[in-house]
């Protein structure tokens, strides 16, 4: 398959419902990405799909296009009740559910189908008010969906389409029992269109597809290369004492337009945030302890460009559609090999190039061999001159609880620090 981001296949070439094509073209979507070109012929023919593709390759639009087309082309059951959605899209995190909902809104506006959103943390009554008026497509996280179902606010007996996004992450977060609970309350698999999409399709995910789908077709895009070919990967071996100064020096040298820094723990993320905020960077903090409204605001500020750097745990590593991320820093090498792929997949998206920089410190260097085995190649190593690391650094800011902590706007040019060799 061509390595280009878009294929020659156009959405208008398929027998899609005219309103769906109109909505796509209005948003500037004309040509399909590889995963869309593979999925749509199957879903339009009523076949179930389990799809694997690198993040940022259009999985969301593949299943949204299929969902809207199916609902427009097949009427709802005759005795459908107001609390019965016709399609259910399940996501592992609140942020991903919100982003899927945002991506679906232009299609909903063009087609007249109603959207609902259900996620935990806040907004219970607001979400419920929308559901009580009746929705066609319900997007949500499993916990809140089960809550509404147990109270009979929603009934899944009229489901015509079901989507499971980031299925491997569902397993990682322990949601698989919830998913099975929801599936048991839907019509049989052969009476609905089933789609499962993820950046990785492990054995356990395939087992779930076998259980809950109707003879699904497996489709894959570039499975032989787990890390995007547009991403420049780079690895440093700092001591624990030099690690923070190396990160700050690299940021000054690279001066990224939009960067995400990943660390393995909430405490480490707070520490990184404190150093960067004190040094005048516009930096946001995203961990599981940050309140939901604040998390969404931080993501919005980062997406708009009001923040240059986002420091995050792996809560932000999967599924989030943040455009134009130029750099990803792995301050800590992840314990899970798949998380490395998902982290660096935040950059190099939508045909753009990206830069991933990883720090293999004394604490996490032991994770490197498994990561390199998993991705199928060694990460190129760069050296640095310890004497050139930044030393004129302010005392880090401290916080008693996670908050956004925007530093002042960066001014002037970056300090001229160069690496060795």
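Yeah, the Cβs are placed from backbone N, Cα and C, and that goes for glycine too.
Segment annotation: Swiss-Prot labels motif 'DEAD box' over residues 165-168 (candidates 165-168, 169-172, 173-176, 177-180). Checking Swiss-Prot for region 'Disordered' across the ranges 362-391, 392-421 points to 392-421. Other Cβ atoms within 10 Å of the Cβ of residue 59 (ATP binding site), summed over all protein chains shown, number 26. Residue 56 (ATP binding site) carries neither a helix nor a strand DSSP state and counts as coil.
Note: the motif 'Q motif' (9-37) comprises 16 helix, 2 strand, 11 coil (DSSP; helix = H, G, I, strand = E, B).
Within 10 Å of the C-beta of residue 60 (ATP binding site) there are 24 other C-beta atoms, taking all protein chains into account. Note: residue 58 (ATP binding site) has non-local neighbours 32, 33, 35, 36, i.e. same-chain residues 6+ apart with C-beta under 8 A of its own C-beta.
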